[in-house]
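Asker: Below is a structure I'd like to ask you about.
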């Protein structure tokens, strides 16, 4: 009767009948001299998956089961899988509970347990436990207490191996009792050596020492780990064999002296001496070596009278010599692969042998044991390979396992909602794959691992996938250094986890409100815009086709030769920047883009990028500006894109090294940008020339923009005269601008445009303005008549006020004239209808909340339209909303104080900051001038006067500048000229070290422009994922309870979500938010930020503060090795943490002095909890 896996094919109703039959049959087959004693009830003195594995075998044999559990394990699955379950170790630490022999024996006696299965780990190799069972009259499912003692004592086991003629590694004859003995052994045999726990295995208490300086620390750590894991810290020492294979042989003995082997397993793939992947049989093992290994294993087992299941472990060196390591007198974690290749149920066999059955009765003769195919076991653990396999803890928010032919799963706590604690081993589930050979088993394993969906904790699945794909693993042999020597295994493919991250985001918004600042208390519209119909097929050719064929110069000629007025549509950038605080999301831009491509191919360009949109995308919308450019380019291939480039400041508000500006333009061009409108807020020529050179070198169309201020028609205004603008234009044309742009020309437009047209007949002229005064349409028509080739417009529902003039009005006014735009007015109406509804989604940001109309007073105060809205919002936020008229008057006075500036971002903001400062402090212009040396001016004003943004036309105002700056340094010439070149390779390496290897050239440029904003953006997306796929209303305020909606992650992948409920506040300051995702219940825990302000929590280490040392993993503090005021060196041990029975030393990241210690021994920490602060 061979014990076959899956041999019991009947339902549970047949178990009693089957059990009775076996008992009846056994009475006639027992050998003489021994009594057959059936087992009716089995306790498993263990937890987790091994407990469940034994329970299942018992159930198949009709045996009743009993579980024991610690106080921390009340929610564990193993106690639910048993027929009975009892608490042990009340009041004891988590591990100590399962090591408390009196409690376990007491439960067994009180509940009529016949036999105890120890599983693996804990008490499984404690002879005193086996003896306690015997003395209590309870059978121990394993070897006799004496054999457990002999095999558990590594030194005695080694002596027995020598007696049996089995080769051994040089080592101590008995456990060492002091560090001095370790030193003596090392001096005799040399390094490397290895400490091993004398009374346990599994990698606990095992440390390799390669240098004398490491000896003491590793001795202490090995002793501490062994004591915590096995209740005894005794160690022995061996010579460490470099790069061996770790081969173990499964043995099985009965009570009659019979011993067989079930062939070998290769357990060489290890980290920290713990097995990660196991294979049976060992690949490419020479038959003669296999025979020696199995023969030696059986000989040793027979010599000691081994009974039940066990494992004999060997190291095999590179020359094929094998050395005995130890005997594990228990069932191994990896017993599963042996079961798969031999079809022998080892747990069934353990139970039957314990009852008194012989191996021959069970049909287990050596000549009948055959290897059938190959099997692989992967231990899926809650460890993060990217952080040195640090254990991770938390709640399993999602658990979806693999299945299918050739896959077996052994697990316990792997279910949605399970809490992974730091108290026990990090094993989550064992995955076993079987195939006809190793490659076929590996392919099944890879498929199975890819099917897993585990969210809430990190796992080692990406690492396991790399191992299983490795050519050496599949087609050669591996040794115990395989992981260390194949660092490409750590090039981990990050899981996307998009669905769960989105639920986290939605839950966060439902609990804490919007993640982007809301200026006014207005709700987004509940109505979604309707996208007008778009014809099938490719869109018609546009000016971009000319650009791609003829290059920037040919494009400029085509524009100049074009009959009719060309339009640039600002709806995608400046219009919403002016009206909606730049908050329009890619989600809404993408929807209408195909319509634009098919119906507005006659546009000169679409302005959709640069300026404030770049940083706002990351800072407030949590989306990548480069991805916006890429996606819009794919949807709008026929119309040129235009961006706003702030000269030497690129898309930032500060100075950058020259190579950063050049690199930015290069990457922008590669991603689809066509026209670079280059300006400088002071018309500072050196800054403009740098930006033009960068755009031109990238292959883009260079459009040099002259920012207008003053009034060229007023003879009294002598600073910014017509001649000033013509001379500046001359310099720009000389620098090879392809087109010429004029910005913010509310009056005297005909005079200036006419003069430019006369002076530069071949250069296209583009006019940009804001409609703040309401005269924008008239001004643009006048510019067209004066010779402008291109004017700016915004679609009607996004036009007017501080935005651009109406597209519909310009199209209607020029229809049938020589300025005809060739754009359908009907299509403009449909386009406008989409944006009218879309604008309602952004009601919390709409400027009409505080500003009901434009105002012609801009002719007097010269506030640019692009700033007018922002200044209005700022005044209200500072409590100056009722004084906005005064702010506008102060703006004109501030402008004069600063020397009458060209006013465009950022110079316009500098003037605005000074104006609000004056109103806030009730200061007149004269008072500011008089008290300039004592007032604390806004930083932007001080930095302007220092020369941070360049030199204004006519120089800085004196003596005002000197009085403000006093002794502060001053910058002469172009600010960026003195900056050292940016090292992009180093920046990329730094980003990869922080965020992983999937850093793109675009990410590098984002970090170069806005390092802090990019860092926050990456942290946000790591937590919340791709929020740009959410509708705008959901993004801003989240779903309502019971609301159902769909989210398209990508083409063909749509999530169906329903918001179910919002839970109460728990002790950790969290609320549980419940959803239904694709028909399945999901929940997320969200920190209530308002409630947490009133609750005390351990402080977190800030990643950007060098001296703050955080916990690398959740765990308990074993030892604090430093104290406040102590001097420490870089790399010096600071404290020791223990998690999942593995200890980690936290070392100092820098040299300095310990400023404050936040933990003490036995402190329980979460990941990144602050341990101590070091001051340099």
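A Cβ is built for glycine as well, from the same backbone N, Cα and C atoms used for every other residue.
Pulled these from TrEMBL:
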- 330: active site (ACT_SITE)
- 154, 238, 273: ATP binding site (BINDING)
- 574, 768, 770: Mn(2+) binding site (BINDING)
- 646, 905: substrate binding site (BINDING)
- 38-488: domain 'Biotin carboxylation' (DOMAIN)
- 158-355: domain 'ATP-grasp' (DOMAIN)
- 565-829: domain 'Pyruvate carboxyltransferase' (DOMAIN)
- 1106-1175: domain 'Lipoyl-binding' (DOMAIN)
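Where in this structure would I find these features, and how exposed are they?
Answerer: Remark: residue 330 (active site) has 118, 119, 120, 124, 125, 142, 309, 310, 311 as non-local neighbours, by Cβ distance under 8 Å and separation of at least 6 in sequence.
A simple way to gauge crowding: the CB of residue 273 (ATP binding site) has 17 other CB atoms within 10 angstroms, across all the protein chains here.
Around the Cβ of residue 905 (substrate binding site), a 10 Å sphere holds 21 further Cβ atoms from the protein chains shown.
Under DSSP, the residues of the domain 'Lipoyl-binding' (1106-1175) split into helix, strand and coil as follows: 0 helix, 39 strand, 31 coil.
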Asker: Using C-alpha atoms only, work out the spacing between residue 574 (Mn(2+) binding site) and residue 905 (substrate binding site) and round it to an integer in Å.
Answerer: 13
Asker: Report the same-chain neighbours of residue 154 (ATP binding site): residues 6+ apart in sequence with Cβ closer than 8 Å to its Cβ, ordered by sequence.
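Answerer: When sequence neighbours closer than 6 are ignored, residue 154 (ATP binding site) has 175, 196, 198, 236, 326 within Cβ distance under 8 Å.
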Asker: Other Cβ atoms within 10 Å is the metric here; tell me which of the binding-site residues 646, 768, 770 scores highest.
Answerer: 770
Asker: If you count, for each of the binding-site residues 238, 574, the other Cβ atoms lying within 10 Å of its Cβ, which residue has the minimum?
Answerer: 238
Asker: Round to a whole number and give the Cα-to-Cα distance in Å for the pair residue 905 (substrate binding site) and residue 238 (ATP binding site).
Answerer: 71
Asker: Please identify, among the binding-site residues 238, 273, 768, 770, the one with the smallest Cα-Cα distance to residue 646 (substrate binding site).
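Answerer: Result: the closest of the binding-site residues to residue 646 (substrate binding site) is 768.
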Asker: What's the CA to CA span in angstrom from residue 238 (ATP binding site) over to residue 770 (Mn(2+) binding site)?
Answerer: 82
Asker: To the nearest Å, how far is the Cα of residue 768 (Mn(2+) binding site) from the Cα of residue 273 (ATP binding site)?
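Answerer: A Cα-Cα distance of 69 Å.
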Asker: How far apart, in Å, are the two Cα atoms that lie farthest from each other among 154, 238, 273, the residues recorded as binding ATP?
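Answerer: Spelled out: the longest distance between any two Cα atoms in 154, 238, 273 is 17 Å.
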